[in-house]
Ligand code: 1GP
């Protein structure tokens with residue numbers, strides 16, 4: 001299952017702490033996106049995660065749980081992605097939470113469906129930056145070296161540049177892509193129309209669209225059209 005992500009260009013990320021109508025959920029799940037990721041940075045509980053998962057399960061679309069709270073792990077997702085925030089100042093988000101979760105659940109974790117994401121959070125105003133106390137005062141060389149740490153030192157499958165809420169620096173993202181060979185490059189942040197989706201999809205392997213789902217569903221759905229522009233695997 002893990003290798004399937006290599007074919008994914010587009011992912012919608014749904015936040016269990018935000019409301020979405022059945023109609024909008026149907027549009028998202030039937031949009032042609034490659035997968036639905038469930039995750040968020042605050043207000044995530046077992047109940048709201050389970051509720052959203054059971055609604056998504058009605059559709060035949062791969063599901064990912066991006067785990068941020070060990071008390072909100074719901075069984076049944078196709079994949080589990082575990083963020084490791086490389087620029088967090090608080091080690092809890094690099095290894096602390098992870099070690100405690102594995103201490104508790106290590107014997108029963110479905111390792112074959114678990115992937116780590118090397119995160120770099122770059123929007124100083126994003127909740128994820130605040131929660132992890134990530135240092136965003138980084139230049140391009142800093143970000144490129146985090147990308148190299150992810151691939152060359154830690155052999156992580158995913159490098160995720162997170163601008164959550166704002167659109168990132170495309171020139172910098174282009175250079176990130178150049179230093180990655182095997183590690184898949186995820187980009188998320190501020191993609192709220194097809195033009196931005198195309199710009200991001202030209203530099204990243206996989207784009208993640210979140211907030212636009214809640215702000216303008218029709219524009220969010222249009223971002224899936226980037227898949228028509230991508231080389232078929
Ligand atoms: C958030 O990277 C995702 O974790 C997507 O960002 O919500 O800004 O689209 P947006």
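Quick reminder: no glycine exception, Cβ is built from N, Cα and C everywhere.
Because the structure is a prediction, the values reported are computed rather than measured.
Annotated sn-glycerol 1-phosphate binding site per TrEMBL: 13, 160, 161, 162, 163, 164, 165, 190, 210, 211, in sequence order. Around residue 13 (sn-glycerol 1-phosphate binding site), the same-chain residues at least 6 positions away in sequence with a Cβ under 8 Å from its Cβ are 36, 37, 38, 39, 66, 188, 208, 209, 210, 213.
In the three-state DSSP scheme, residue 15 (Mg(2+) binding site) is classed as coil. For 15, 41, the entry in TrEMBL reads Mg(2+) binding site.
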Cα-Cα, whole number of Å: residue 163 (sn-glycerol 1-phosphate binding site) versus residue 15 (Mg(2+) binding site)?
16
Going through the binding-site residues 41, 165, 210 in sequence order, which have a CB under 6 Å from an atom of ligand 1?
165, 210
Which of 165, 210 has the fewest nearby Cβ atoms, counting only those within 10 Å, among these binding-site residues?
165
Largest inter-residue Cα distance among 13, 160, 161, 162, 163, 164, 165, 190, 210, 211 [record-listed sn-glycerol 1-phosphate binders, Å]:
17
